[in-house]
Structures are given as structure tokens and as C-alpha cells.
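Participant: Found this in TrEMBL, in case it helps:
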type	residues	note
TRANSMEM	7-30	transmembrane segment
TRANSMEM	42-63	transmembrane segment
DOMAIN	219-246	domain 'PLD phosphodiesterase'
DOMAIN	392-419	domain 'PLD phosphodiesterase'
């Protein structure tokens, strides 16, 4: 009798757990539909819940994608609304050669307007990037605003902190905003490296702390933007964080190939307002600023586009798809991580079918092995579509999309699901031919040191099964 009761209790408990899982599954599926998720995303969550319910269900409630419209109503993000006619309007005859289709997509979504007076300079060498960055710190007289995903505790970061301490002692306003997950080790164990800097009056904050209240802060949404502003006159952006592998005073083994660029001119107002918006979200404090210093007579067409949970739609993604579909001759893609959405994948393949030269440059081995395994099926599919895949020996962390001779997208955006749909990102669109020529020259040098692939990974049955499973689950990555 005792064994019977014990078995009955076990069955009832198992049925109860199964019933609860079914209720949660129904709720999650309905939530995904209401949130207008893609079919692939819904399928990935359903499979995860079916096969690993005890892991998938808690993860969903921790990492769920909150409705962007209610996530954070940042008034400061409505930065295309103020009248900037005297400051940003493009009146050059060269406007006739601009890709108006792309520019208008962003304009119709109430994103940042086109600016026409900008100087652009790029640094694709870690040592030269460090030198330019340090010179900007040393030359600053009014303010230094730093926003980064990774801030390490290493040689490069210590040199940056020492330089910032000197400027803080001189009375320069310094604000530093660091993502708490991207810089988790510093956030959790080494915040003391900023102690002297803070004592000198600098402000250092961590974006969405992941320890204090992970459920409230939605730890799935990370701030991947890199914005470095000096005296409201010069901005650096791109893929480089602050650490030895990105930039360094000396060349050393383990340095990544990355891209940092410097802009002076009208577009700086958008970098500044994006920084101010994120700062307001992280601290509930506003930053007052003026743009008197952001002046240049050099002509350069630039459009600065943010993306993230703070915007109503996936506007950057829509613009990127539009840009790729507009290609007529060339489409070159440089990305460290290659896990495209279904729509992005088909746009790239369609470009090849139209006779467009399509090249994808990515590292043979990135710093994320699981992501490398997940991309394998996409690489195989791209190769079957006769798309040129080039693997770099060194880790390349730069992100760029080059289209014909009139569009270049650079910034913090990787071509993966997380970067395109979840993270706070920033992209800079260049439309001036001289600037785009520089981008192609840089890409050509990368191609010289890369290997064109016909087959990258094992085609064993086990590998193919693993790739297929990961491909289904990529919307969760």
C-alpha cells in the first residue's frame, strides 16, 4: 500500500509539473505572437521549451524581449524633430548623386537627418588608433564622454585611465558609461580602478547593472555602442572597445583587426544626443550641451542611425535591407559574427543572383566558438549560392557593409540576430565617394591576407546535425 501511495504521489507530481509546463508554453507562445516575433523565433522557443523546459522557461522570463514601445520612452531620442535647417541641411550639388532611397527610409521613420559637412578619418591599425585616441584625450579642454561595451583592466585601459585622471585634475568634465555585462569582470571585481578618477570629479556608470536586479533590468539587452566624444567637436566610433586586443601602445600577439573612425562636423550632434539619451537612462540625469565647436567646412555626407530596445521599430535593420536590395554592382560585408536573419540571408543571396559581386569577409575562428559552429550552416548555404567567403587568419572585429560606390555602413553592428534586433547599437552611413574609396582600400588589404573558402567545416553527419539544430536555435542567440 505504501509503495502504491508513493507511486501515485510521484505520478501526480509529474503530471502537475507537466501541466504547469504546458500552461507556461501556451503563455509564452501567445506572448511571442503578440510581440510579433518572427516565425523562426517562435519555433526556436517552442523547441527549446519542449526539449529543455526547466532551462528554457526560466530563461524566457529572464531574457524575454519586452515591448519596445513601453521599454523606455526616451524623449531625447526624438532627435530628428528639432529644426536643424541652418545646421544640417545638405545644399550641395553632389546631393544629386546620393542614394536617396536609403536616406528617405530613415527620414520617413523619423530617424536622424542627413548631414553634409563632415570630415572622416579611419584607423584600422590598433597602435595608430591608440595614438589618435590618446591624443584626443590630451587635447580635450572642456569635456570627454566615453561610452563602450568593454572596458578592460589591462595595459591599454590603465593608460587611458591615467590620461583621464590628468584631464579630470585640470577640470575637464568626464563621463564614462560602460555596459555591465560586456565589462562584467571590471563591474564585478575591479571597479576600484576608477576610484581615483571618481575622486577627481569624473562620473563612471555601468549600464543596466546585471547583479542588482537582473529581472527588472532585462539583462538580455546590452549596450553595444561605442561613442567617444571630445569637446563636442570630435567623435570616435566604430568597433573598438577599450582593451589591449582592440588598441594598444605597441603591436603585440593577440591584437584583433578592428576599425576606429573619427568624425568632425554636423553629424556629431547625433552621436552626442544618443550618448545623452543613454546617460539619462542610466543615471536619470540630463546633460546640457552646445554645438558651437562642431563646425567644419569639409564636405562629407553622413547619417548616424541608432538601433535598440529604445526605438519603436527595427529601423536600422529595415534600412540595411533596403540598402542591400539597392545594390547594383558590389556588396562587400565584413563581420566578426555571421548569423543573419532569414530576410537578410535571402537579400544577400538575391544580390548574387542579380549578378552583383558579393564578398563576405569573416574570421576563420572568432572569439566565440559556439557562434562559429552556429554560422557553419549559413556559410555552407552561401557557398552553395556561389557567394565568395573569405576567412581572415586573425580575429577581425570590424563591422562594415559596402554597397557600390555610394554607401558604406560602419559602426558597432554585427550581422547576427543579437546585434540586429536586441542590442543598443549605432551605425554610421557614409555617402561620400572619397570616404567610401577609403573603405574599399581598407577592405582590399584585408582580402590580401585572407583565404577564399570552398569548404570551411566538417561535413560529417554529426556536424550537419549539430549545425541544423544550432540554425534552428540561432534566433535565441
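Cβ from N, Cα, C; glycine included.
All annotation found in TrEMBL is predicted automatically rather than curated by experts.
Can you tell me where each of these features sits in this structure?
Facilitator: For the domain 'PLD phosphodiesterase' (219-246), the DSSP-based tally of helix, strand and coil residues reads 0 helix, 11 strand, 17 coil.
Counted with DSSP, the domain 'PLD phosphodiesterase' (392-419) comes out as 3 helix, 13 strand, 12 coil.
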Participant: Mind checking which residues reach the domain 'PLD phosphodiesterase' (392-419)? Cβ under 8 Å, same chain, six or more beyond either end.
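Facilitator: For the domain 'PLD phosphodiesterase' (392-419), the sequence-distant neighbours (Cβ-Cβ under 8 Å, at least 6 residues beyond its ends) are 97-99, 102, 124, 149, 224-226, 237-240, 245-246, 255-259, 261, 307, 316, 320, 323-324, 326-341, 344, 361-367, 371, 425-431, 433, 435-437, 439-440, 443, 446, 449-451, 474-475, 477.
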Participant: Pop the mean pLDDT for the domain 'PLD phosphodiesterase' (392-419) in here, whole number is fine.
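Facilitator: Computed over the domain 'PLD phosphodiesterase' (392-419), the mean pLDDT is 96 on the 0 to 100 scale.
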